[in-house]
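A short worksheet on the structure shown next.
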């Protein structure tokens, strides 16, 4: 058994008793928000006559976390924008924003529109900060072979970094910092709202109704998140982790933060709760099988999960037995929450867990045999499913509406290419963030070590290569996102959202394992309301 020690929970029982100070004002905030929604709806309809105004308004609503209130209006507007040529194709800001929004909404527009902004020597001609930001953000919706977008990223990054040395006005400087840290398309939508609301509040051309609605919308959502956290924390406490499972990562609040990053809308409350429980259970399985148990114990646990029956608990050592029975009980209770028409979906929760332990068993075998996969592709084939991204993304669909059909779940279990791109992004990001810690702890060979051993490189060189492969996987995802399927667009959108969460959690370090690195952001999302004044 590995003696790896993870730091204890940073939150404990905090959310069992906590209510944001806005809770007593909930009724008034809801009424005020409903009035403002209609006022903003009128503004959105009025913008339909001018493409630049429409694009500016749509991107503002998206960044403030308000777009889900106006899905039909925005879709209709963007269909008009897509079919219309009535815009200034010499304005790089407009061209970039049009490209960004249309691709983000699944319209396959050509990147050739950017070639006219290059001089005879092939260099971009841009001297405006807003244009640079717009081009940089648009370029990250690239697919394979779009050289002009690859060049745009290199050019604009260099220009934006230079601008930070100048004295930009505060709101613009904040924008440049945020953009260089993470391009707009890859940011978590709910965290973007938290970060952008104060920036938007500094803008001279802000719309006061939109700003007030954004603040109310966030504060109302925060109340829902805290109610979920109370329920989930009480569920988690029944495992008595501190006593019975002291060797695992106690990260229930971080699990919910992760799920909220991907499914932030209020109507997805059940989705967040189920996906959070699944993420926590997978974390326990991962730490048991990968870090703490003997090989024999890990294989017994895998066998029990394949059997999925209470009597299989008799196979297990004491520290696994109670967890296994609680796992079965939790999945059954998810069926009760889903109701008779959707309880069939718990079958897919079980199947996802079986996929996870099957992959974990393979990794244990590799570790015991000192086996190094011959290629990164071979590694990803087995290690992609064990990073957990597939399981948590699919479990989020379990709590969603009836538009996610049985056929959709069956399709997801075939590992469609879109799902593979998510697993690859998550695995590659995880490995670059945690490779030193895991290698020191005697884990199986990661994709980073696999590349080092096969190519004789240093760890830094291997990490650079893995980052290139991560970018390739993002391009794969974008191509697949733009490819129509018979399944609801919500599935593709949510899978992209989970890729964003992986990017956030593993950007600099393993933020899930070393959760003090994301504690301030968790507090911003769950603890601190946004002041209305």
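Just so you know, glycine gets a Cβ as well, placed from its N, Cα and C.
Residues or ranges marked as motif 'DDXXD motif' in Swiss-Prot: 286-290. Residues or ranges marked as Mg(2+) 2 binding site by Swiss-Prot on the basis of similarity to another entry: 286, 290. Swiss-Prot lists 286, 290 with the feature Mg(2+) 1 binding site. Swiss-Prot lists 430, 434, 438 with the feature Mg(2+) 3 binding site, giving similarity to another entry as the kind of evidence.
Structural mapping of features recorded in Swiss-Prot.
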| residue | record | contacts (Cβ under 8 Å, 6+ apart) |
| --- | --- | --- |
| 286 | Mg(2+) 2 binding site | 356, 360, 386, 388 |
| 430 | Mg(2+) 3 binding site | 387, 502, 506, 510 |
| 434 | Mg(2+) 3 binding site | 446, 506, 509, 510, 513 |
For the motif 'DDXXD motif' (286-290), residues assigned helix / strand / coil by DSSP: 5 helix, 0 strand, 0 coil
